[in-house]
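Below: the structure, in structure tokens.
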Amino acid sequence: MLYQALRRFGQKLVRRHTLEQYVAKISTAGRLSTLDIVALGVVNTVGAGVYVLAGEVASDKAGPSIVICFLVAALSSVLAALCYAEFSARVPHSASAYLYNYVTVGEVWAFITGWNLILSYVTGAASVARAWSLAFDNLIGNQISQTLHESIPLNIPHVFAEYPDFFAMGLMLLFTGLLAVRASEFVLVTTVFTVVNVLVLGFVIISGFLKGKLHNWRLTEEDYIMTMFRLNDTSPLGPLGYGGFVPFGFQGILRGAATCFYAFTGFDSVVTIAEEAQNLQRSVPMGIVISVFICFLVYFGVSSALTLMVPYYQLQPGSPLPEAFLHIGWAPARYVVAIGALCALSTSILDSMFLLRWMTFVMADDGLLFGVLARIDSKTSIPIVATVVSGIITALMTSFFRLTDLVDLMSFGTLLTYSLVAICILIVRYQPELNDEENEAEAQEENGPAAEKLTLWRLFCPGSSTPTPLSGRVVYVCFSLLALLLLLLCLVLVQWPVLLLFENPLLIIVVVLLLILITGITGVIWRQPQSPTLLYFKVPALPFLPIMSVFMNVYLMMQLTLGTWALFGVWMLIGFAIYFGYGIHHREGERESQVGSALSAQSPMWGLIS
């Protein structure tokens, strides 16, 4: 009796959508060209990451080596982008990151992915709104922050911000009201502001290389002391570290890269609005790759210009780019850059809120979130309840959390989502097609349970050119072991950096043993037959690139603070409470009543559970 109950519960966790069932709930508009998609990806990526994050990371985490941080983050993003490009070719519809998990590995993984995407969009909008407030406050002499800090201080360090930013909260509520704009007009606005943003950033890069000093990448303790005497305590200085190009060491680069990953988290928005593309299979993969490449060039140029113009320890949080022009004596340019920053940040807020509203609506329409969130206004055809609720939650987080906490929390959630996407790509490429899987199951029933046996020889020589249920389960088991080994390896490397490993022979043995096991299991996965399905784009060098993507993502996640892990844990507890208290039960009834004969095909993962 208990076994049957557990079996039914497990089947609910891994029940899947079919693509045809989901397509029936979506109408493809086909309004966006490849240029529109690239513009959306760039504008949703180049926001707080370039206008605020560059100063935050350079001042006390990486110094001038922030350019390396962006390079590491870009490499990790490219690996994730390749995985996104493949599943956008497989499932070219809105909310594809969530839908792809639903179609391939089951409901609980889809919920985790969707819930993390909601977290990314909430914290993304909140962080950019906070950055907007800081940039505007800097223009008027920090009067807003001083007034709020003196009037309503929040004396809860490491949990909330120093003061509630009611200005940013009101700004967030204002943008929530503007979300009644339809997609076509919305794209026009974002495209125009993208052009303005690129022009302003181009001006910053050119000015930085013209007025910057290469000496600012070779600063010493003597320079630091001279700056202290010159300023005479009129402006606080950040830490010096070791000086030079890498003032905070290799660990500083890794911590900076984990935070800088936030700067590349907008390219997944291309997948979320895939249904609007005119050419689904071509425009979306191209849009993803081009967006990541353009954003890396922008971040590399701006961070180089910024650290060449201003010594890294003089960078102040809030609005580093306008302040940099004040530092070099170009005061009028400060206002030009500030206005450009406000325009770009405004568009980024609207983008994040648009994606947040849509993701909330899709999950509610599937029954995983409360059904009231899926209600659509008959006049505007917009999910008003989802818009208002998501806007209020984002406004509260904007007001009470620090910019750094919001950035790190968004990075954490996005890194986990990208890891799930890479896992899906790895698993699905080694699974049989659904029809083939059903035929194999019927053959096994006729020929008995001994039709397909697992032997040591078959691990490396499967004997079939196409995936079978057995080879699919082998990949599931192998990757489960591989995920555990990668987690252990990341823990060892984070706790004991590479330089310290050579001083402890025991740690060297542990790392070598983990690498041998990881290599062996990867070899087993590599030998399994892949799906012959023809796609416009496939991730090359399988299984190595998805595994490398998961490793880099997990390693960067472990560079973030314990406070970030705690906040993420609270968010996931809320999500699991909603899912197990409402979604897992309501989902089944919703599917039967709204969709009719819903196909909840059994996931291949169920073979491991039962």
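Cβ atoms here come from the backbone N, Cα and C positions, even for glycine.
TrEMBL has this to say about the protein:
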- 37-54: transmembrane segment (TRANSMEM)
- 66-87: transmembrane segment (TRANSMEM)
- 99-122: transmembrane segment (TRANSMEM)
- 163-181: transmembrane segment (TRANSMEM)
- 187-210: transmembrane segment (TRANSMEM)
- 333-359: transmembrane segment (TRANSMEM)
- 380-403: transmembrane segment (TRANSMEM)
- 409-428: transmembrane segment (TRANSMEM)
- 427-454: coiled coil (COILED)
- 474-494: transmembrane segment (TRANSMEM)
- 506-526: transmembrane segment (TRANSMEM)
- 535-556: transmembrane segment (TRANSMEM)
- 537-586: domain 'Cationic amino acid transporter C-terminal' (DOMAIN)
- 562-582: transmembrane segment (TRANSMEM)
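Tertiary proximity for the transmembrane segment (380-403) is limited to same-chain residues at least six positions away from its ends with a CB under 8 Å from its CB atoms, namely 48, 52, 56, 118, 121-123, 125-127, 129-131, 134, 154, 160-162, 164-166, 168-173, 175-176, 179-180, 317, 353, 356-357, 360-361, 364, 372-374, 409. Residues 125-126, 129-130, 132-133, 136-137, 144-145, 148-149, 152-154, 189, 346, 349-350, 353-354, 357, 380, 382, 387-388, 390-392, 394-396, 398-400 of the same chain lie 6+ residues outside the transmembrane segment (163-181) yet bring a C-beta within less than 8 angstroms of a C-beta in it.
Fewer than three CB pairs closer than 8 A are found between the transmembrane segment (562-582) and the transmembrane segment (187-210), and contact between the two stretches is not assigned (pairs 6 or more residues apart). In terms of DSSP secondary structure, the domain 'Cationic amino acid transporter C-terminal' (537-586) contains 39 helix, 0 strand, 11 coil. Under the criterion of 3 or more C-beta pairs below 8 Å, with sequence separation of 6 or more, the transmembrane segment (187-210) and the transmembrane segment (99-122) do not qualify as touching, having fewer than 3 such pairs. Taking every recorded stretch in 66-87, 99-122, 333-359, 535-556 and counting its Cβ pairs under 8 Å to the transmembrane segment (409-428), the highest total belongs to 99-122. Most Cβ pairs under 8 Å with the transmembrane segment (333-359) belong to 99-122, among the candidate stretches 66-87, 99-122, 535-556.
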